[in-house]
Amino acid sequence: MPKRTDLKSILIIGAGPIVIGQACEFDYSGAQACKALREEGYKVILVNSNPATIMTDPEMADVTYIEPIMWQTVEKIIAKERPDAILPTMGGQTXLNCALDLAGNGVLAKYDVELIGATEDAIDKAEDPGRFKEAMEKIGLSCPKSLFCHTMNEALAAQEQVGFPTLIRPSFTMGGSGGGIAYNKDEFLAICERGFDASPTHELLIEQSVLGWKEYEMEVVRDKADNCIIICSIENFDPMGVHTGDSITVAPAETLTDKEYQIMRNASLAVLREIGVDTGGSNVQFAVNPEKGEMIVIEMNPRVSRSSALASKATGFPIAKVAANWAVGFTLDELRNDITGRRTPASFEPSIDYVVTKMARFAFEKFPAADDRLTTQMKSVGEVMAMGRTIQESFQKALRGLETGLCGFNPARRRQTEIRRELANPGPERMLFVGKAFRAAFTPEEIHEISAIDPWFLAQIEDLMKEEKSVSDGQLQDLDYAALHRLKRKGFSDKRLAQLLNVSEKEVRETRTPVKLDPVYKPVDTSAAEFATETAYLYSTYEEECESRPSDRKKVMILGAGPNPIGQGIEFDYCSVHAALPLRESGFETIMVNCNPETVSTDFDTSDRLYFEPLTLEDVLEIVRTENPWGVIVHYGGQTPLKLANALVENGVNIIGTSADSIDAAEDRERFQKVLNDLGLRQPPNRIAHNEEEALVKAEEIGYPLVVRPSYVLGGPAMQIVHSAEALQKYMREPVQVSEDSPVLLDFFLNNAIEVDVDCVSDGKDVVIGGIMQHVEQAGIHSGDSGCSLPPYSLSEEIQDEIRRQTKAMAYALGLVGLMNVQFAVQDAVVFVLEVNPRATRTVPFVSKATGQRLAKVGARCMAGISLKEQGVEKEVVPDFYAVKEAVFPFIKFPGVDTILNPEMRSTGEVMGVGRSFGEAYYKAQLGAGERLNPTGKIFLSVREEDKERVIKTAKNFQALGYGICPTRGTAQYLTEHGLIVQAINKVPEGRPHIGDALKNGEIALVVNTVSSDPQSVSDSHIIRQSALQQRVPQYTTTAGGEAMSEGAKSRDYLGVYSVQELHGRLKNRN
């Protein structure tokens, strides 16, 4: 069937900010869809609130709106652009829910807009648990025994029928949000209450437990002519009970017989037909009873998903691109497979001759109060994928790709006595505990009995533990070529072998090199080598023939960001992509190295050559040996590649851009202090300490309060503000790695200072300011968690000019070539330098979207020797509108975790708001972040003594908008003395009715709550913040945030929608 010619313009709804359950994979799918539809001549209109995405680059769509993804905003875009159709299946649950809202509110009918990719009925049938169950029964497939309910009484009645343990699944949510497994009535009531709040339809599925069953996924595509193929089968290492996003998964499925696979395959196709998915990809999840072989359907997603991205990267089949083509009428037989050079049709079912492992990356270290047990609610923040010829090789490569300090099956960090608990109630280290169990002489049968992990997987790990024991009992010289080759085939890294042999990694490498025991590289070709591939999409293994076939062109290698932990998110993938694209255009052959399957950087056509490998020294050096690049870029992937810089230089690798020595000069406290002294620039008083005694002495020299943190960090891990010697002593005794090589940094904390971020770019001769951003939250809140405005909304021009002068001076002094970020604090009109990062940082995408200057592209060209003048980049662009970046937090996923912001970064993503005023931009950023301010109600204020003066303006602003003001007694007295009419409210310990009751009763529209550093004050007010979080009431733990929201609320009835292209067009005309 040819493409539809009745459609001229198509609106794609993106997924919004990166949150747990919905990450970079939708940037990958959305970017593919934009490219596919534009190639076919359609006008593409895009809406997405996330500025850190590739899909929101102005070149990706004809018209791009970085606006909140809510039906009211999208209606304004539809009214302005008049698209013929909407494609909602590339934006995860966010986009599907928005599409259903548009339909339910009559917008689609009003503007005669068609849903393509999935019909409203297909979405509803797949997402509504009751309808889905009926559909499965109709085609003879079983589902777990379940009942859906809309009230707590209905839920209790349903639970009595299904028994304990009980699975609670809210409807129309992502990543299992709000759900869980209950083993008793108290847990059941708590999860149901949370689940009802999470479901937009206030609906729960109360389901029979199938804990311990094996879990499988089938990634399926289907077109309107009923052509269907299975792209990939995926098996979960973890049994049912762990969310598939958190589970270790392998592809293809390893423990199914052919007969079982064919049954599951046929069932998957039947599910798509019955649900009505006929223009795209879907993910169907099954559970299989390991004892009886009974198979049931768990759920399906009628859209591209996290598993779609994994299946695409695992096989090379571009699911999102093909799904976009089907949405406009193409059929499977009409499309060709790009990865085989279009030699094969897209209808050729992929087959693979390697094993793929996906492992999730967690961030529980950021949320110490969170429950780290893995359940049906997703908790991971990122993931890695590894490929190998054996599952053991694949497992071990995935472990070392996680960026958690592992180089294989390192011993788990918990006590021996916890083995049984860790196997029975899995946490983030459960695979290591399987290894630990084998080391402790558990039998495979015992481990299977406790963990329900399939015996075949256990046999693979048992064999690896036997190999480790054999290695550790010998010496390096005992390992001949055959023994080393066997170990490398099983995925053992040089570093892990070195640990087992008590030698250095270098010694192991030097044992391999003379006998030419090097990895070879094999292509991902979708056909298990049946057809030749023209794309260089490669993974390493230890076999005979290398199929990499490197060219003799001038090459630049870009090291990516890995699994995107908190502090190193999608922004760094954006920068990596923006290094590859301009360098390709400039004639270089680009080589990307990364291990994250969710990203655009690991799309096979982003760079000339893609190596899907862990970002470790060993793996990178082997690729360098194979490719012999002219230069390597370590500055765009965050701390992950930056940590390798010195070791790469020591091994003769040419790091282009800012030198490794200059990076060290900026990161090393003593060297950087000398740079600032030479330039006459100020820093807050600071010292370096290598142990507790030295820290206490030097802290007295500086004075309290202090910011303390380890050196060489990203995302502020282990960063705190301490107000006393006792607090510093406690910090030093926590598990923070402090030594001569890794000292702790002590900085005097500047109270009530304004923090400022500056991005700039240099070619080594000239420096251009990219943008100056004023933080909303005061200094002391991690810059990644603070809102920020470009241009600044209250800094004087004189201060901004001084910041420009200091930034350029530091860039010249450090010999900057490429990008640099500087963080300043301004206190009483005095500018202090906080830190300098001579690399790409998380603000680069935001600045680029706000100003139209493609900073990452410009910086990459500078590294390759192309001057700023040659690129036509000679002056700063200052917009005549405001752009506000706001952070998005995962607190709702971690009940009990306090929402107070501090120096340690905890946000997972970001959004951007654009407006004619700072208030409008800030308010839109809050909407994009999911905050919804009720038009009526009361504003609750409870602030510490030093914040009371500042909160007066906030109270007056909200009162002028018609809100009641209800402070706690101390704040109420202060506001009354300053002429405000308020109604005091009790704190929770002061008697009822109290603030907790008011929040539950829906009386409170917004909370502003600041507390002193005193632990008792934090503890006493914790219940207020938790209640606000549970009731989805906007809350601000800084007075600056509350004040900004009070300014923003003035604009709520006058919000416009602005395309990136029209904003950038205005800037070009001005400049």
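Cβ coordinates are placed from backbone N, Cα and C, and glycine is handled just like the others.
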Quick check on the annotation: Swiss-Prot has Arg709, Phe748, Leu750, Glu755, Gly780, Ile781, His782, Ser783, Glu835 binding ATP 2, so which of Gln800, Gln823 does it put in that site too?
Gln823
Any idea what the Cα distance is from Gln823 (Mg(2+) 3 binding site) over to Asn837 (Mn(2+) 4 binding site), rounded to a whole Å?
9
For the domain 'MGS-like' (931-1071), what does DSSP give as the number of helix, strand and coil residues?
74 helix, 20 strand, 47 coil
The correct three-state DSSP answer for Asn837 (Mn(2+) 4 binding site) is strand
All-chain count of other Cβ atoms within 10 Å of Glu835 (Mg(2+) 3 binding site)
16
Across the domain 'MGS-like' (931-1071), what is the average pLDDT of the model, as a whole number?
91
